[in-house]
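Trainee: Let me begin by handing over the structure; questions about it come next.
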Amino acid sequence: MAAARPFLKMHGAGNDFVVLDARAHPLDLAPAAAARIADRHRGVGCDQIILIERDDGAAAFMRILNADGSESGACGNATRCVAALLAGETGARRLTIRTNAGLLPAEIKGPTLVEVDMGAPKLGWEDIPLAEPADTLSLRLALGPVQNPAACSMGNPHATFFVDDLTHLQIETIGPKLEHARLFPERANIGFARIDAPDRIRLRVWERGAGLTLACGSGACAALVNAHRRGLAARRAEIEMDGGTLTLTWRDDGHVLMEGPVALVFEGELDAAMLAP
């Protein structure tokens with residue numbers, strides 16, 4: 001049985017994480033253990049579990065496990081949190097973190113403010129991926145009051161529905177059905193965006209493997225990209241989510257920059273039973 005391990009509870013704009021440092025002592029966390037830790041009633045509770053691992057070509061490798069135990073390629077809010085931790089160790093203002101989605105450069109902007117270069121979105125249907133060829137600017141997909149989302153990949157698949165009313169939208173009902181739609185062979189993160197101004201977007205996200213979260217960094221990136229592609233938003237906008245606001249910039253070179261807050265909530269220890277497969 002695995003030994004007890006220290007952890008940090010962190011969040012970025014309310015998107016919360018259990019962070020485990022596995023650089024000195026590697027940890028092979030089974031999906032069942034990840035789901036146990038993420039349980040908000042019987043575990044610590046979080047949207048994702050983050051494992052910080054050694055990497056010879058970057059400051060660290062960041063492994064991301066969703067609340068259901070599945071693995072994710074990218075998480076912008078978690079990247080900011082890990083960047084802040086690593087910068088605190090070394091004093092570096094700029095560093096690069098490797099994820100399954102690639103290398104993500106980060107810059108410390110303030111004591112609790114971090115910017116991450118999330119890379120360039122992938123817009124081809126096969127890159128998201130979709131189950132069949134389709135125009136990713138307007139998918140033939142509808143459920144209840146929402147229809148025809150735009151899709152892209154920010155290291156993980158995203159579909160963004162543009163709506164006029166977020167208040168009465170039953171996201172807990174339609175979110176899981178859209179996540180598992182046949183069009184998305186790897187499932188998808190589902191965003192619901194209301195355009196308040198060309199530089200202001202209100203967003204709620206049903207995250208693949210995590211459900212409705214207070215914030216989703218890659219979802220915010222996808223919302224800006226898809227809104228700009230539709231002619232609904234500028235290349236720079238404030239993305240307001242339930243847990244806070246992120247500042248997004250889609251640069252002319254194609255890269256998306258995401259700036260937002262990070263916070264350390266508390267420290268603790270996971271016992272061996274919690275870590276067991």
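Including glycine, each Cβ sits where the backbone N, Cα and C put it.
What you are looking at is a predicted structure, and each value in this text was computed from that prediction instead of being measured.
Got these off Swiss-Prot a minute ago, pasting:
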- Asn15, Gln48, Asn66, Gly76, Asn77, Asn156, Asn189, Glu207, Arg208, Gly217, Ser218: substrate binding site (BINDING)
- Cys75: active site, proton donor (ACT_SITE)
- Cys216: active site, proton acceptor (ACT_SITE)
Trainee: Which residue, out of the active-site residues Cys75, Cys216, shows the minimum number of other Cβ atoms inside 10 Å of its Cβ in this structure?
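Mentor: Minimum Cβ neighbour count within 10 Å, taken over the active-site residues Cys75, Cys216, occurs at Cys75.
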Trainee: Express the distance between the Cα positions of the residue listed as 'active site, proton donor' and Ser218 (substrate binding site) as a whole number of Å.
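Mentor: The residue listed as 'active site, proton donor' and Ser218 (substrate binding site) have their Cα atoms 6 Å apart.
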Trainee: Can you check which residue among the binding-site residues Asn15, Asn66, Asn77, Arg208 has the largest number of Cβ atoms within 10 Å of its own?
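Mentor: Counting Cβ neighbours within 10 Å, the top one is Asn77.
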Trainee: Hey, for the substrate site built from Asn15, Gln48, Asn66, Gly76, Asn77, Asn156, Asn189, Glu207, Arg208, Gly217, Ser218, who else sits with CB inside 8 A of the CB center?
Mentor: Asp47, Ile64, Ser72, Ala74, Cys75, Ala78, Val205, Ala210, Thr213, Cys216, Gly219
Trainee: Please work out which residue of Asn189, Ser218 has the most C-beta neighbours within 10 angstroms of its C-beta, and give that one of the binding-site residues.
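Mentor: Counting Cβ neighbours within 10 Å, the top one is Ser218.
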Trainee: Rounded to whole angstrom, what's the largest C-alpha distance between any two of Asn15, Gln48, Asn66, Gly76, Asn77, Asn156, Asn189, Glu207, Arg208, Gly217, Ser218, listed as binding substrate?
Mentor: 16
Trainee: About how far apart, in whole Å, are the alpha carbons (Cα) of Arg208 (substrate binding site) and Cys216 (active site, proton acceptor)?
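Mentor: Rounded to a whole number, the Cα-Cα distance is 11 Å.
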Trainee: Measuring Cα to Cα, how many Å separate Asn77 (substrate binding site) from Cys216 (active site, proton acceptor)?
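Mentor: That separation, Cα to Cα, works out to 7 Å.
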Trainee: Between Cys216 (active site, proton acceptor) and Asn66 (substrate binding site), find the distance joining the two CA atoms and give it rounded to the nearest Å.
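Mentor: Distance (Cα to Cα, whole Å): 12 Å.
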Trainee: Specify the secondary structure state of Asn77 (substrate binding site) as given by DSSP, simplified to three classes.
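Mentor: Looking at the DSSP assignment, Asn77 (substrate binding site) belongs to a helix.
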